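Per TrEMBL, the features are as follows:
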- R23, T192, D233: L-glutamate binding site (BINDING)
- 448-470: compositional bias 'Pro residues' (COMPBIAS)
- C247-C300: disulfide bond (DISULFID)
- 70-298: domain 'Ionotropic glutamate receptor C-terminal' (DOMAIN)
- 444-470: region 'Disordered' (REGION)
- K197: site 'Interaction with the cone snail toxin Con-ikot-ikot' (SITE)
- 63-84: transmembrane segment (TRANSMEM)
- 104-123: transmembrane segment (TRANSMEM)
- 135-156: transmembrane segment (TRANSMEM)
- 318-338: transmembrane segment (TRANSMEM)
Amino acid sequence: MIADLINRKTDMVMTSLMINSDREAVVDFTVPFMESGIAIVVAKRTGIISPTAFLEPFDSASWMLVGLVAIQVSAFTIFLFEWLSPSGFNMKVAPSTNHRFSLFRTYWLVWAVLFQAAVHVDCPKGFTARFMTNVWAMFAVVFLAIYTANLAAFMITREEFHEFSGIDDHRLAKPFSHKPMFKFGTIPWGHTDSTLKKYFREMHAYMKRHNRTIVGEGIEAVLSGELDAFIYDGTVLDYLVSQDEDCRLLTVGSWYAMTGYGIAFQRNSKYVRMFNQRLLDFRENGDLERLRRYWMTGSCKPGKQERKSSDPLALEQFLSAFLLLMSGILLAAFLLLLEHLYFKYVRHHLARTDRGGCCALVSLSMGKSLTFRGAVYEAQDMYRNNRRVPSQHQHSGGHRTISGIGRNCNCSYCEGLHTLWATRRELEACRLRIRHLEKQMEAHGIRPLPPPPPQSLPSLLPPPGSPGNR
(Lines of atoms letter the chains of each structure in order from A and count residues from 1; the text may use other names and numbers.)
(Lines give C-alpha, C1' and ligand atoms only; values in the text may rest on other atoms or scores of the structure.)
Protein backbone atom coordinates (compact mmCIF):
# COMPACT_ATOMS: atom_id res chain seq x y z
CA MET A 1 0.00 0.00 0.00
CA ILE A 2 2.85 2.40 0.73
CA ALA A 3 4.38 1.47 -2.64
CA ASP A 4 1.11 2.29 -4.40
CA LEU A 5 1.12 5.74 -2.81
CA ILE A 6 4.71 6.35 -3.75
CA ASN A 7 4.07 5.24 -7.33
CA ARG A 8 0.90 7.38 -7.40
CA LYS A 9 -1.32 4.41 -8.19
CA THR A 10 -3.73 5.37 -5.38
CA ASP A 11 -4.63 8.62 -3.67
CA MET A 12 -5.34 7.52 -0.12
CA VAL A 13 -4.86 4.50 2.22
CA MET A 14 -7.28 4.16 5.12
CA THR A 15 -6.69 1.10 7.31
CA SER A 16 -4.90 0.15 10.51
CA LEU A 17 -1.76 1.83 9.26
CA MET A 18 0.71 2.71 12.00
CA ILE A 19 2.48 6.06 11.79
CA ASN A 20 6.26 5.71 11.99
CA SER A 21 9.30 7.65 10.84
CA ASP A 22 10.11 5.42 7.89
CA ARG A 23 6.64 5.84 6.40
CA GLU A 24 6.47 9.56 7.16
CA ALA A 25 9.63 10.01 5.09
CA VAL A 26 7.85 8.96 1.88
CA VAL A 27 4.13 9.66 2.43
CA ASP A 28 1.96 12.18 4.29
CA PHE A 29 -0.24 11.21 7.28
CA THR A 30 -3.22 12.89 8.81
CA VAL A 31 -3.50 13.46 12.53
CA PRO A 32 -3.88 10.15 14.40
CA PHE A 33 -7.47 9.01 14.74
CA MET A 34 -6.73 6.15 17.20
CA GLU A 35 -3.86 5.33 19.55
CA SER A 36 -2.17 1.96 19.32
CA GLY A 37 0.99 0.05 20.15
CA ILE A 38 2.58 -3.38 19.93
CA ALA A 39 0.78 -5.96 22.07
CA ILE A 40 0.72 -9.72 22.71
CA VAL A 41 -2.26 -12.03 22.40
CA VAL A 42 -2.39 -15.44 24.13
CA ALA A 43 -5.03 -18.15 24.57
CA LYS A 44 -6.62 -19.31 27.80
CA ARG A 45 -5.96 -22.92 28.69
CA THR A 46 -7.91 -25.16 31.03
CA GLY A 47 -5.63 -25.84 33.96
CA ILE A 48 -5.02 -29.45 34.98
CA ILE A 49 -5.75 -30.19 38.61
CA SER A 50 -2.69 -31.20 40.59
CA PRO A 51 -2.45 -34.92 41.55
CA THR A 52 -2.17 -33.75 45.16
CA ALA A 53 -5.28 -31.56 45.00
CA PHE A 54 -6.88 -33.48 47.88
CA LEU A 55 -4.07 -32.18 50.13
CA GLU A 56 -4.30 -28.53 49.06
CA PRO A 57 -7.22 -27.42 51.29
CA PHE A 58 -4.72 -27.32 54.19
CA ASP A 59 -1.06 -26.37 54.20
CA SER A 60 1.72 -28.68 55.34
CA ALA A 61 1.74 -27.35 58.89
CA SER A 62 -2.00 -27.97 59.29
CA TRP A 63 -1.76 -31.53 57.99
CA MET A 64 1.14 -32.28 60.32
CA LEU A 65 -0.82 -30.79 63.21
CA VAL A 66 -3.82 -33.04 62.46
CA GLY A 67 -1.91 -36.21 61.62
CA LEU A 68 0.93 -36.09 64.12
CA VAL A 69 -0.68 -34.23 67.00
CA ALA A 70 -4.47 -34.37 66.98
CA ILE A 71 -4.86 -38.04 66.00
CA GLN A 72 -2.00 -39.31 68.16
CA VAL A 73 -2.94 -37.30 71.24
CA SER A 74 -6.60 -38.25 70.96
CA ALA A 75 -5.86 -41.97 70.52
CA PHE A 76 -3.42 -42.12 73.44
CA THR A 77 -5.73 -40.02 75.64
CA ILE A 78 -8.75 -42.26 74.99
CA PHE A 79 -6.66 -45.38 75.61
CA LEU A 80 -5.04 -43.94 78.76
CA PHE A 81 -8.37 -42.89 80.24
CA GLU A 82 -9.78 -46.34 79.49
CA TRP A 83 -6.74 -48.02 81.09
CA LEU A 84 -7.00 -45.90 84.24
CA SER A 85 -10.78 -46.06 84.57
CA PRO A 86 -12.15 -48.48 87.24
CA SER A 87 -14.90 -49.44 84.84
CA GLY A 88 -12.39 -49.97 82.00
CA PHE A 89 -9.05 -51.78 82.17
CA ASN A 90 -8.62 -50.69 85.78
CA MET A 91 -4.81 -50.56 85.25
CA LYS A 92 -4.58 -54.24 84.35
CA VAL A 93 -2.02 -55.50 81.87
CA ALA A 94 -4.09 -58.33 80.45
CA PRO A 95 -7.70 -57.35 79.70
CA SER A 96 -10.56 -59.65 80.45
CA THR A 97 -11.99 -61.81 77.70
CA ASN A 98 -15.21 -59.81 77.46
CA HIS A 99 -13.40 -56.47 77.11
CA ARG A 100 -12.18 -56.27 73.53
CA PHE A 101 -10.21 -53.03 73.66
CA SER A 102 -6.55 -52.22 72.99
CA LEU A 103 -4.33 -49.42 71.66
CA PHE A 104 -4.70 -50.53 68.04
CA ARG A 105 -8.48 -50.78 68.46
CA THR A 106 -8.40 -47.24 69.84
CA TYR A 107 -6.65 -46.10 66.67
CA TRP A 108 -9.31 -47.91 64.63
CA LEU A 109 -11.98 -46.06 66.60
CA VAL A 110 -10.27 -42.69 66.09
CA TRP A 111 -9.87 -43.16 62.34
CA ALA A 112 -13.41 -44.49 61.91
CA VAL A 113 -14.87 -41.48 63.74
CA LEU A 114 -12.68 -39.04 61.78
CA PHE A 115 -13.84 -40.34 58.40
CA GLN A 116 -17.37 -41.17 59.61
CA ALA A 117 -16.95 -44.75 58.39
CA ALA A 118 -19.81 -47.18 58.99
CA VAL A 119 -17.58 -49.98 60.32
CA HIS A 120 -17.59 -52.07 63.49
CA VAL A 121 -15.65 -50.48 66.35
CA ASP A 122 -15.07 -51.51 69.96
CA CYS A 123 -16.22 -48.66 72.15
CA PRO A 124 -14.55 -48.03 75.52
CA LYS A 125 -16.39 -48.81 78.76
CA GLY A 126 -15.07 -46.03 80.97
CA PHE A 127 -17.11 -42.84 81.23
CA THR A 128 -14.06 -40.58 80.79
CA ALA A 129 -12.87 -42.45 77.70
CA ARG A 130 -16.34 -42.25 76.17
CA PHE A 131 -16.49 -38.51 76.87
CA MET A 132 -13.11 -38.08 75.18
CA THR A 133 -14.40 -40.07 72.21
CA ASN A 134 -17.34 -37.66 71.87
CA VAL A 135 -14.96 -34.69 72.01
CA TRP A 136 -12.94 -36.26 69.18
CA ALA A 137 -16.17 -36.79 67.21
CA MET A 138 -16.99 -33.08 67.54
CA PHE A 139 -13.50 -32.22 66.25
CA ALA A 140 -13.99 -34.63 63.32
CA VAL A 141 -17.28 -32.94 62.33
CA VAL A 142 -15.69 -29.48 62.25
CA PHE A 143 -12.57 -30.75 60.45
CA LEU A 144 -14.53 -32.55 57.73
CA ALA A 145 -16.82 -29.56 57.18
CA ILE A 146 -13.86 -27.21 56.66
CA TYR A 147 -12.02 -29.72 54.48
CA THR A 148 -15.02 -30.45 52.25
CA ALA A 149 -15.80 -26.75 51.76
CA ASN A 150 -12.23 -25.95 50.71
CA LEU A 151 -11.82 -29.10 48.61
CA ALA A 152 -14.66 -28.05 46.30
CA ALA A 153 -12.78 -24.86 45.48
CA PHE A 154 -9.49 -26.63 44.75
CA MET A 155 -11.11 -29.31 42.56
CA ILE A 156 -12.56 -26.71 40.14
CA THR A 157 -10.37 -26.27 37.07
CA ARG A 158 -8.91 -22.79 36.73
CA GLU A 159 -8.08 -21.05 33.48
CA GLU A 160 -4.38 -20.55 32.84
CA PHE A 161 -2.49 -18.44 30.33
CA HIS A 162 1.02 -17.18 29.67
CA GLU A 163 1.17 -13.87 31.51
CA PHE A 164 3.90 -11.91 29.73
CA SER A 165 4.74 -8.43 30.97
CA GLY A 166 5.27 -7.16 27.42
CA ILE A 167 7.53 -7.77 24.45
CA ASP A 168 10.48 -6.80 26.65
CA ASP A 169 9.73 -9.82 28.87
CA HIS A 170 12.96 -11.83 29.22
CA ARG A 171 11.14 -15.01 28.11
CA LEU A 172 10.48 -13.30 24.77
CA ALA A 173 13.41 -10.90 24.46
CA LYS A 174 15.84 -13.75 25.36
CA PRO A 175 13.96 -16.78 23.99
CA PHE A 176 16.89 -19.20 24.34
CA SER A 177 17.22 -18.48 28.08
CA HIS A 178 13.93 -20.27 28.89
CA LYS A 179 13.41 -24.02 28.60
CA PRO A 180 11.21 -25.05 26.94
CA MET A 181 11.27 -22.09 24.58
CA PHE A 182 8.03 -20.28 23.81
CA LYS A 183 6.74 -20.25 20.25
CA PHE A 184 5.61 -16.80 19.06
CA GLY A 185 5.56 -14.85 15.83
CA THR A 186 4.15 -11.85 13.94
CA ILE A 187 3.46 -10.66 10.37
CA PRO A 188 6.67 -10.00 8.40
CA TRP A 189 7.42 -6.68 6.68
CA GLY A 190 5.05 -4.72 8.89
CA HIS A 191 5.46 -2.03 11.53
CA THR A 192 5.70 -4.62 14.34
CA ASP A 193 8.28 -6.67 12.47
CA SER A 194 10.47 -3.65 11.67
CA THR A 195 10.30 -2.39 15.26
CA LEU A 196 11.33 -5.77 16.68
CA LYS A 197 14.14 -6.04 14.12
CA LYS A 198 15.43 -2.64 15.18
CA TYR A 199 15.29 -3.03 18.97
CA PHE A 200 15.12 -6.82 19.64
CA ARG A 201 17.45 -8.52 17.18
CA GLU A 202 17.67 -11.85 19.01
CA MET A 203 13.90 -12.09 19.32
CA HIS A 204 13.41 -11.12 15.69
CA ALA A 205 15.85 -13.78 14.46
CA TYR A 206 14.18 -16.48 16.60
CA MET A 207 10.56 -15.74 15.68
CA LYS A 208 11.12 -15.88 11.90
CA ARG A 209 10.37 -19.61 11.92
CA HIS A 210 7.00 -18.98 13.60
CA ASN A 211 5.79 -15.96 11.60
CA ARG A 212 2.45 -16.06 9.78
CA THR A 213 1.35 -14.48 6.52
CA ILE A 214 -1.84 -12.81 7.77
CA VAL A 215 -3.23 -11.94 11.18
CA GLY A 216 -6.00 -14.53 10.96
CA GLU A 217 -3.47 -17.34 10.65
CA GLY A 218 -1.66 -16.10 13.74
CA ILE A 219 -4.86 -16.02 15.77
CA GLU A 220 -5.80 -19.54 14.66
CA ALA A 221 -2.32 -20.78 15.55
CA VAL A 222 -2.70 -19.37 19.05
CA LEU A 223 -6.12 -20.96 19.50
CA SER A 224 -4.92 -24.36 18.26
CA GLY A 225 -1.80 -24.32 20.44
CA GLU A 226 0.72 -24.11 17.56
CA LEU A 227 1.87 -20.75 18.94
CA ASP A 228 2.09 -19.69 22.55
CA ALA A 229 1.72 -16.00 21.66
CA PHE A 230 1.21 -13.70 18.68
CA ILE A 231 2.63 -10.16 18.51
CA TYR A 232 0.91 -7.44 16.51
CA ASP A 233 -0.83 -4.06 16.74
CA GLY A 234 -2.63 -3.77 20.06
CA THR A 235 -5.82 -2.22 18.70
CA VAL A 236 -6.22 -4.92 16.05
CA LEU A 237 -5.61 -7.64 18.63
CA ASP A 238 -8.14 -6.06 21.01
CA TYR A 239 -10.73 -6.10 18.23
CA LEU A 240 -10.06 -9.77 17.39
CA VAL A 241 -10.21 -10.70 21.08
CA SER A 242 -13.61 -9.07 21.39
CA GLN A 243 -14.83 -10.97 18.31
CA ASP A 244 -13.94 -14.37 19.78
CA GLU A 245 -17.26 -15.95 20.79
CA ASP A 246 -15.60 -18.50 23.09
CA CYS A 247 -13.67 -15.78 24.96
CA ARG A 248 -10.49 -17.83 24.78
CA LEU A 249 -8.24 -14.97 23.69
CA LEU A 250 -6.84 -12.10 25.70
CA THR A 251 -4.07 -9.53 25.39
CA VAL A 252 -1.42 -9.49 28.09
CA GLY A 253 1.29 -7.11 29.20
CA SER A 254 1.83 -3.46 28.48
CA TRP A 255 1.85 -2.05 24.98
CA TYR A 256 5.20 -1.16 23.41
CA ALA A 257 6.16 1.68 21.02
CA MET A 258 2.92 3.63 21.38
CA THR A 259 1.90 5.52 18.27
CA GLY A 260 -1.30 6.09 16.32
CA TYR A 261 -3.23 5.13 13.21
CA GLY A 262 -3.37 7.68 10.43
CA ILE A 263 -4.72 8.06 6.91
CA ALA A 264 -1.86 8.01 4.38
CA PHE A 265 -1.74 10.21 1.24
CA GLN A 266 0.69 10.92 -1.53
CA ARG A 267 3.34 13.52 -0.90
CA ASN A 268 1.91 17.05 -0.84
CA SER A 269 -1.62 15.79 -1.37
CA LYS A 270 -4.32 18.46 -1.32
CA TYR A 271 -6.62 16.20 0.67
CA VAL A 272 -4.49 16.07 3.84
CA ARG A 273 -5.66 19.43 5.24
CA MET A 274 -9.30 18.64 4.48
CA PHE A 275 -9.17 15.27 6.29
CA ASN A 276 -7.28 16.74 9.21
CA GLN A 277 -9.99 19.31 9.75
CA ARG A 278 -12.73 16.68 9.58
CA LEU A 279 -10.90 14.35 11.99
CA LEU A 280 -10.40 17.19 14.47
CA ASP A 281 -14.13 17.95 14.30
CA PHE A 282 -14.96 14.28 14.91
CA ARG A 283 -12.62 14.20 17.88
CA GLU A 284 -14.00 17.40 19.37
CA ASN A 285 -17.66 16.40 19.26
CA GLY A 286 -16.93 12.81 20.43
CA ASP A 287 -17.77 11.00 17.22
CA LEU A 288 -14.42 9.22 17.13
CA GLU A 289 -14.90 7.89 20.66
CA ARG A 290 -18.45 6.84 19.87
CA LEU A 291 -17.34 5.00 16.74
CA ARG A 292 -14.51 3.34 18.63
CA ARG A 293 -16.85 2.04 21.33
CA TYR A 294 -19.39 0.86 18.80
CA TRP A 295 -17.03 -1.03 16.49
CA MET A 296 -14.54 -2.31 19.08
CA THR A 297 -17.22 -4.02 21.18
CA GLY A 298 -17.38 -7.62 20.02
CA SER A 299 -19.52 -10.68 20.56
CA CYS A 300 -17.52 -12.30 23.33
CA LYS A 301 -20.10 -13.83 25.73
CA PRO A 302 -18.71 -14.62 29.19
CA GLY A 303 -21.94 -16.40 30.09
CA LYS A 304 -21.21 -19.02 27.45
CA GLN A 305 -17.88 -19.69 29.08
CA GLU A 306 -19.59 -20.11 32.47
CA ARG A 307 -21.95 -22.71 31.03
CA LYS A 308 -18.96 -24.72 29.86
CA SER A 309 -17.89 -25.23 33.49
CA SER A 310 -20.69 -27.81 33.87
CA ASP A 311 -19.15 -30.18 31.32
CA PRO A 312 -18.30 -33.71 32.52
CA LEU A 313 -15.04 -33.97 34.40
CA ALA A 314 -12.07 -35.49 32.62
CA LEU A 315 -9.71 -38.06 34.07
CA GLU A 316 -7.08 -35.43 34.84
CA GLN A 317 -9.53 -33.56 37.03
CA PHE A 318 -9.92 -36.34 39.62
CA LEU A 319 -6.54 -38.00 39.20
CA SER A 320 -5.79 -37.18 42.84
CA ALA A 321 -8.49 -39.65 43.97
CA PHE A 322 -6.81 -42.47 42.02
CA LEU A 323 -3.44 -41.42 43.42
CA LEU A 324 -4.86 -41.67 46.94
CA LEU A 325 -6.27 -45.14 46.19
CA MET A 326 -2.98 -46.41 44.76
CA SER A 327 -1.06 -45.02 47.74
CA GLY A 328 -3.42 -46.88 50.07
CA ILE A 329 -2.93 -50.14 48.14
CA LEU A 330 0.85 -49.83 48.32
CA LEU A 331 0.72 -49.01 52.03
CA ALA A 332 -1.55 -52.02 52.67
CA ALA A 333 0.87 -54.27 50.77
CA PHE A 334 3.73 -52.96 52.92
CA LEU A 335 1.74 -53.69 56.08
CA LEU A 336 1.04 -57.20 54.80
CA LEU A 337 4.78 -57.72 54.38
CA LEU A 338 5.37 -56.53 57.95
CA GLU A 339 2.70 -58.94 59.17
CA HIS A 340 4.43 -61.86 57.47
CA LEU A 341 7.79 -60.80 58.90
CA TYR A 342 6.28 -60.61 62.38
CA PHE A 343 4.77 -64.09 62.27
CA LYS A 344 7.89 -65.59 60.71
CA TYR A 345 10.76 -63.92 62.59
CA VAL A 346 9.56 -61.76 65.49
CA ARG A 347 6.75 -63.70 67.16
CA HIS A 348 8.85 -66.55 68.61
CA HIS A 349 11.29 -64.01 70.13
CA LEU A 350 8.49 -62.10 71.82
CA ALA A 351 6.93 -65.31 73.10
CA ARG A 352 10.00 -65.89 75.29
CA THR A 353 9.66 -62.59 77.15
CA ASP A 354 5.98 -61.72 76.86
CA ARG A 355 3.01 -63.94 77.71
CA GLY A 356 0.61 -61.81 75.78
CA GLY A 357 -0.03 -59.24 78.51
CA CYS A 358 1.73 -56.12 77.25
CA CYS A 359 1.32 -57.11 73.62
CA ALA A 360 -2.39 -57.78 74.12
CA LEU A 361 -2.66 -54.35 75.69
CA VAL A 362 -1.41 -52.91 72.38
CA SER A 363 -3.09 -55.39 70.04
CA LEU A 364 -5.33 -58.31 70.95
CA SER A 365 -4.39 -60.22 67.80
CA MET A 366 -0.70 -59.83 68.62
CA GLY A 367 -1.26 -61.06 72.17
CA LYS A 368 -3.23 -64.08 70.93
CA SER A 369 -0.43 -64.99 68.54
CA LEU A 370 2.02 -65.34 71.47
CA THR A 371 0.14 -67.66 73.83
CA PHE A 372 -1.96 -70.80 73.70
CA ARG A 373 -4.36 -69.13 76.12
CA GLY A 374 -5.09 -66.50 73.48
CA ALA A 375 -6.07 -69.24 71.05
CA VAL A 376 -8.36 -70.70 73.70
CA TYR A 377 -10.02 -67.31 74.16
CA GLU A 378 -10.51 -67.12 70.41
CA ALA A 379 -12.10 -70.58 70.41
CA GLN A 380 -14.42 -69.51 73.22
CA ASP A 381 -15.51 -66.51 71.18
CA MET A 382 -16.08 -68.83 68.25
CA TYR A 383 -18.14 -71.12 70.45
CA ARG A 384 -20.31 -68.25 71.71
CA ASN A 385 -20.90 -67.03 68.15
CA ASN A 386 -21.64 -70.53 66.78
CA ARG A 387 -23.58 -72.24 69.57
CA ARG A 388 -26.40 -73.24 67.28
CA VAL A 389 -24.95 -74.90 64.22
CA PRO A 390 -27.47 -75.02 61.35
CA SER A 391 -28.50 -78.48 60.30
CA GLN A 392 -27.60 -77.81 56.67
CA HIS A 393 -23.95 -77.63 57.70
CA GLN A 394 -24.15 -81.27 58.83
CA HIS A 395 -24.12 -83.49 55.79
CA SER A 396 -22.74 -86.91 55.17
CA GLY A 397 -19.53 -86.07 53.29
CA GLY A 398 -16.19 -85.05 54.87
CA HIS A 399 -17.19 -85.46 58.58
CA ARG A 400 -14.72 -85.58 61.40
CA THR A 401 -15.03 -87.35 64.76
CA ILE A 402 -13.95 -85.09 67.60
CA SER A 403 -12.93 -86.72 70.85
CA GLY A 404 -15.25 -85.86 73.70
CA ILE A 405 -18.14 -84.79 71.55
CA GLY A 406 -19.07 -87.97 69.74
CA ARG A 407 -20.70 -86.19 66.81
CA ASN A 408 -19.68 -85.62 63.22
CA CYS A 409 -19.58 -82.09 61.78
CA ASN A 410 -17.60 -80.03 59.33
CA CYS A 411 -18.23 -76.42 60.44
CA SER A 412 -15.40 -74.02 61.27
CA TYR A 413 -16.18 -74.28 64.99
CA CYS A 414 -15.76 -78.07 65.00
CA GLU A 415 -12.53 -77.83 63.01
CA GLY A 416 -11.19 -75.30 65.51
CA LEU A 417 -12.09 -77.61 68.38
CA HIS A 418 -10.38 -80.48 66.63
CA THR A 419 -7.16 -78.45 66.31
CA LEU A 420 -7.26 -77.37 69.96
CA TRP A 421 -7.94 -80.93 71.16
CA ALA A 422 -4.91 -82.14 69.20
CA THR A 423 -2.78 -79.39 70.75
CA ARG A 424 -4.08 -80.28 74.21
CA ARG A 425 -3.18 -83.94 73.67
CA GLU A 426 0.35 -82.96 72.67
CA LEU A 427 0.61 -80.81 75.80
CA GLU A 428 -0.45 -83.70 78.02
CA ALA A 429 2.03 -86.01 76.29
CA CYS A 430 4.80 -83.49 76.93
CA ARG A 431 3.88 -83.31 80.61
CA LEU A 432 4.03 -87.11 80.90
CA ARG A 433 7.42 -87.09 79.21
CA ILE A 434 8.67 -84.42 81.65
CA ARG A 435 7.55 -86.48 84.68
CA HIS A 436 9.26 -89.55 83.24
CA LEU A 437 12.51 -87.65 82.79
CA GLU A 438 12.30 -86.24 86.32
CA LYS A 439 12.02 -89.75 87.75
CA GLN A 440 15.09 -90.85 85.80
CA MET A 441 17.00 -87.83 87.14
CA GLU A 442 16.02 -88.70 90.71
CA ALA A 443 17.18 -92.29 90.13
CA HIS A 444 20.64 -90.95 89.27
CA GLY A 445 20.75 -88.67 92.31
CA ILE A 446 19.92 -85.47 90.49
CA ARG A 447 17.25 -83.39 92.05
CA PRO A 448 15.21 -81.51 89.46
CA LEU A 449 14.04 -77.95 89.98
CA PRO A 450 10.52 -77.54 91.31
CA PRO A 451 8.15 -77.08 88.38
CA PRO A 452 6.21 -73.83 88.12
CA PRO A 453 2.58 -73.97 89.16
CA PRO A 454 0.53 -75.29 86.23
CA GLN A 455 -1.75 -72.83 84.52
CA SER A 456 -5.20 -74.24 84.24
CA LEU A 457 -6.65 -73.92 80.81
CA PRO A 458 -10.10 -72.38 80.61
CA SER A 459 -12.96 -74.71 80.02
CA LEU A 460 -13.14 -75.16 76.31
CA LEU A 461 -15.86 -77.71 75.77
CA PRO A 462 -19.46 -76.87 76.55
CA PRO A 463 -21.00 -78.58 79.55
CA PRO A 464 -22.91 -81.83 78.93
CA GLY A 465 -26.44 -81.34 77.70
CA SER A 466 -25.77 -77.81 76.36
CA PRO A 467 -26.83 -76.99 72.77
CA GLY A 468 -23.23 -77.07 71.55
CA ASN A 469 -22.70 -80.68 72.80
CA ARG A 470 -25.82 -82.31 71.44
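The backbone N, Cα and C atoms fix where each Cβ goes, glycine too.
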*Let me know the model's mean pLDDT on the domain 'Ionotropic glutamate receptor C-terminal' (70-298).*
85
*For C247 (disulfide bond), the one of R23, T192, K197, D233 that lies nearest, given that the recorded positions are compared by Cα*: D233
_Please list, in sequence order, the residues in the chain of R23 (L-glutamate binding site) that are at least six apart in sequence and whose C-beta is under 8 Å away from its C-beta._
I2, L17, F29, A264
*Mind computing the max CA-CA distance among R23, T192, D233, which the record assigns to L-glutamate binding, rounded to whole Å?*
16
*Specify the count of other C-beta atoms within 10 Å of the C-beta of T192 (L-glutamate binding site).*
23
*asked:* Taking 10 A as the limit, how many CB atoms besides its own sit near the CB of K197 (site 'Interaction with the cone snail toxin Con-ikot-ikot')?
replied: 14
*Beyond R23, T192, D233, what residues of that chain have CB atoms within 8 A of the centre of the L-glutamate site's CB atoms?*
L17, M18, N20, I38, G190, H191, S194, T195, T259
*In whole Å, note down how far the CA of K197 (site 'Interaction with the cone snail toxin Con-ikot-ikot') lies from the CA of D233 (L-glutamate binding site).*
15
